[in-house]
Amino acid sequence: MATYSATALLNTGAKIPLVGLGTWQSKPNEVYEAVLTAIKAGYRHIDTAWIYGNEKEVGQAIKDSGVDRQSLFVTTKLWNNAHNPEDVEKALEVSLKNLQMEYLDLWLMHWPVAFKSGDKPVPKNADGKVELAPVDYVDTYAAMEKVVGDRVRAIGVSNFTVGKLQRLLKSASVVPAANQVELHPYLPQNELIDFCKQNKIHVTAYSPLGSTSGPVQKEPIIVDLAKKYNVEPAQVLISWAYKRGTSVLPKSVTPSRIVNNFKEVPLTAEDVANIDAIGLNKPPQRVVDPSESWGSDIYDSGAKL
Ligand SMILES: NC(=O)c1ccc[n+]([C@@H]2O[C@H](COP(=O)([O-])OP(=O)(O)OC[C@H]3O[C@@H](n4cnc5c(N)ncnc54)[C@H](OP(=O)(O)O)[C@@H]3O)[C@@H](O)[C@H]2O)c1
């Protein structure tokens with residue numbers, strides 16, 4: 001079975017490998033081995049974030065992998081407590097130091113939500129409510145634009161809806177290279193993908209396996225296709241995302257899964273259409289939605305998903 005090799009072209013002219021290793025909830029002691037296993041299996045794209053608390057181990061594994069930095073595509077993300085424009089460059093320096101890297105291939109604004117600045121990743125008031133800051137993501141993005149160059153090859157966003165992208169594009173001088181969002185057959189986000197295509201914003205699929213709860217892996221069509229090709233349901237989901245031209249970030253710390261997840265399933269056009277149909281027959285379902293706990297209307301409730 002062939003492994004994934006295709007890339008997509010970003011609006012910067014750089015290439016992003018379509019299948020990358022996700023590392024959210026990969027504990028520091030597990031992630032080092034996971035990244036090494038992935039690179040050995042052929043992955044050339046690794047996704048991390050400051051808030052995952054594992055940038056150091058991810059960077060160390062990349063360094064120890066023996067594969068040169070130019071051949072790899074590394075993404076990390078600016079956390080919500082560093083949205084104040086004055087904090088942005090400092091946050092970049094911390095991530096670069098953690099990763100032991102001279103540059104990032106892609107730096108994303110993790111969420112369109114600003115927390116109070118400071119050392120606490122999730123600052124809370126006496127009532128236990130998350131403390132937000134009156135910083136507009138448009139201003140945070142403008143500060144990110146200023147660091148594009150030798151240390152940051154491309155900037156982008158994550159968890160942005162069509163409405164928020166439209167608002168951002170009105171003032172942005174650098175079109176985001178990517179928007180990283182939750183995508184799987186229960187949340188296909190066709191409208192968002194179309195909008196991004198029209199605006200030359202690459203889309204990356206996160207939680208492609210439905211994250212840790214993984215209900216989509218048990219969907220009958222996915223299970224049947226896995227049987228048909230003698231593969232794991234997760235592999236079918238990854239190949240579907242790949243066929244759509246999005247990049248996709250399956251997370252695993254299990255060596256056999258890391259290896260299998262990088263093997264392409266030769267889905268036919270009919271298979272892809274059958275998987276597409278899952279989303280047409282069900283209301284969209286998100287697995288990652290901190291809107292309520294953060295007290296922020298992240299997904300523009302009332303607007304279409
Ligand atoms: N930008 C954002 O806000 C955001 C949000 C969420 C995620 N992400 C990114 O996207 C990545 C992926 O999303 P995710 O971590 O939420 O979830 P995911 O990749 O959809 O699913 C991960 C879960 O699936 C399991 N798994 C992996 N391969 C499998 C296989 N072949 N068969 C069965 N189970 C399998 C993993 O278990 P084991 O690890 O135990 O093998 C883990 O429990 C993240 O790691 C992160 O890099 C970004």
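Count begins at 1; order follows the chain as displayed.
Placed from the backbone N, Cα and C atoms, the Cβ positions cover glycine too.
Noted in TrEMBL for the protein shown:
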type: DOMAIN; residues: 20-278; note: domain 'NADP-dependent oxidoreductase'
type: ACT_SITE; residues: Y52; note: active site, proton donor
type: SITE; residues: K77; note: site 'Lowers pKa of active site Tyr'
type: BINDING; residues: H110; note: substrate binding site
To the nearest Å, how far is the Cα of H110 (substrate binding site) from the Cα of the residue listed as 'active site, proton donor'?
11
Whole-number mean of pLDDT values that fall within the domain 'NADP-dependent oxidoreductase' (20-278):
97
Within the chain of K77 (site 'Lowers pKa of active site Tyr'), which residues six or more apart in sequence place their C-beta under 8 angstroms from its C-beta?
T48, A49, W50, I51, W107, L108, M109, H110, S158
What three-state class does DSSP give H110 (substrate binding site)?
coil
Taking DSSP as the reference, which of helix, strand or coil describes Y52 (active site, proton donor)?
helix
Chain-internal residues, separated by at least six, CB under 8 A from the residue listed as 'active site, proton donor':
T23, W24, Q25, S26
Can you tell me the three-state DSSP label for K77 (site 'Lowers pKa of active site Tyr')?
strand
